[in-house]
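Inspection log for the structure reproduced underneath, given as structure tokens.
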Amino acid sequence: MSKTTKPLWQNPWGYAESFLIAFGLLLIGFLLEFTIQSNSGTSIRYPMNLILGGVFLTLLLVFYGLLKKSKLYLFLSGIPASIGAISMLTLLVIIMGVTPQVPMQDKNLITKLSLNQLTTSWPFLFINFYLLVILAFVIIRKSFPFKWKNWGFVCSHLGLWITIFAAGLGSGDLMRLKMDLHENKTEWKAYDDKGNYYELPLAIKLNDFIVDEFNPKLAVVENETGKLYEPSKPSMIMIEKDLTAQLHNWSVTIGEFLPLSGRAGDKYHPLHDFGAAPAAKVSVSTNSAEALTGWISCGSFNRPHESLKLNDNYSLLMTVPEPKKFSSEVTIYTPDGKKEDKVLEVNKPQSVNGWKIYQLSYDEKMGKYSSLSVVEVVKDPWQIYVYIGIFMMMIGAIYMFWRGNKVTINSEQ
Amino acid sequence: MIWNYFLMAAGVSSASWILSAFIPKKDIIRNLLVLIGILSMAVYIGFLWTSLERPPLRTLGETRLWYSLFISIIGLITYFRWRYLWMLYYCLFMSLLFLFINYLHPENFSKTLMPALQSPWFVPHVVVYIISYAFLAASTLVAVYGLYQVKREKFEAKYMQVADNLVYLGFAFLTFGLLFGALWAKEAWGHYWTWDPKETWAFITWMGYLVYIHRRYQKPGKYVSALWILALAFVILLVCWFGVNYLPSAQFSVHTYSMQP
């Protein structure tokens, strides 16, 4: 073997230097984290983020203008540097993927190095910044002079750069607040995680809050512990009218099913009342014993639930129905005197005055009778730039799909 | 009924695919048999879709049905494009394996779908991932086969081109999967990316293939290291797909629907 190896740090730099630099950045980051922990609460807001972004861009261009012939530029815009940075970021993200990312009170090595909150740590910031620099030089190198055959490359890489840049700088300007809407009341104040209140340039009146529910399910529980009994699957069966189903060893037949009912005397009657609950008349039989008949109900916030005792060990019960859809019918007022009727629903946010309004939750104890609807209001002025970046990456992906391995075949020639 | 029809459809698919392996010489008949198996899965998924009144994409078992369908389709397409018979059989074997896992673990075919999943982004998000995973799984087999041929000193550069092509297509779909997920999350919750464990692992997978692509682009001649990177990337993909639920980080994931009661 007479393979000649280049001494470390002698030009041109290759993989060894690339990995050492990226690893060094991580090391410095962790040392910094160990000595002065980054404060996860601070974020750079407008106009500071815009200034910093501008300075960063200017520095990149100045560096390119002055040093485009240097070996450092060639290294930073080359593939070994990219692979080194990608690998070290991957290493960091793998740590993130294995350890739970939650705030912890204890003082130990994990919290000292912020391994439980890596996204707001120094090493994560350093490696991302380094990657952004490399990516910028890669794009510049491929773009000047511009050749049409490189458009797919530039599109995907620039898209990624814009996405990271805009999402990173924009995170300080992102406002995510909650609003508690009560039926027939108008609300214009929203609060953040720490309980600070903000006045919004809009007011929302909740006209009606509607929960659409699935039918409740049948389940068998252990009498002593109240635990779900599931020797066989399925252990829960959705109640339907005239359903006959096998639940473990029992054959269950639904005689009557009342979505809204109340108990009067020894049976349930249909009832359209505040707090009316689903109920079903069931017959249960086994091979050995004779049929057992009775009413079960999951109850509601003001009505008791009722189960059917199958034997000394087990009871049949009705589960609380799960929501199929919940939505808020609202009127939104803005300072210019306009008012608009809108419906807020999960996955269907509404945009008003630069704010996006999302249906979040409701009073789950009250279930379908909840008069409270919690919505989230989000303002993200940088969203459009992130979308441009994502859109460019999608075009890049289509290009990649179309060209396939022609990219490498060409580079071999 | 859903279960009995599954047994029927999976039976037809298995029978036609296994049969196709015994007549490798008769091109038309074999392709026809493969196609019958694919159609049987497609019809069953269509039936499941209509009878559940929602896209059957919620449980691990249902995702496996789609995986089984797409991997066999892609196997056939790859065969038409590249004429690698072993690839076709590999894909059919994988499809059968997924059907068999479903047979061993019948999932609870519940009608419930939580409101957060009721989004038009849901189907494309999962479908592009499944197409992507199928391409990348196929590329892994090329990598393993390539490494084997390297050992036998019978390696040919054209294997690399097949691997590249599969990775490029798979990576394009993987990118779409990540971006669809980000856009969906923004629509549903107001943020693109929360470093949820599944997202974290999907990102690691993406980075793994990114390393392969860049390595290939720079040093097309050094295929052994590229092949190892490719094989390793698939291990990460498997962690992302199956392993995440068992990691300590997964306790707070929004992607563990199958664990909910």
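Backbone N, Cα and C define each Cβ position, glycine as well.
Database features (TrEMBL):
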TRANSMEM  A:12-34  transmembrane segment
TRANSMEM  A:46-67  transmembrane segment
TRANSMEM  A:73-99  transmembrane segment
TRANSMEM  A:120-139  transmembrane segment
TRANSMEM  A:151-169  transmembrane segment
DOMAIN    A:322-365  domain 'ResB-like'
TRANSMEM  A:384-402  transmembrane segment
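Counted over residue pairs 6 or more apart, the CB atoms of the transmembrane segment (A:73-99) and the transmembrane segment (A:384-402) come under 8 Å in fewer than three pairs, which marks the two as apart. Long-range Cβ contacts of the transmembrane segment (A:12-34) within its own chain (Cβ-Cβ under 8 Å, at least 6 residues beyond either end) map to 6, 71, 74-75, 80-81, 83-85, 87-88, 91-92, 112-114, 121-127, 130. Under DSSP, the residues of the domain 'ResB-like' (A:322-365) split into helix, strand and coil as follows: 0 helix, 30 strand, 14 coil. Here the transmembrane segment (A:120-139) has Cβ contacts under 8 Å with residues 21-22, 25-26, 28-30, 32-33, 38, 40, 60, 64, 73, 76-77, 81-82, 85-86, 88-89, 92, 113-114, 154, 157-158, 160-161, 164-165, 168 of the same chain, all six or more residues outside its ends.
Taken together, the residues of the domain 'ResB-like' (A:322-365) have an average pLDDT of 89.
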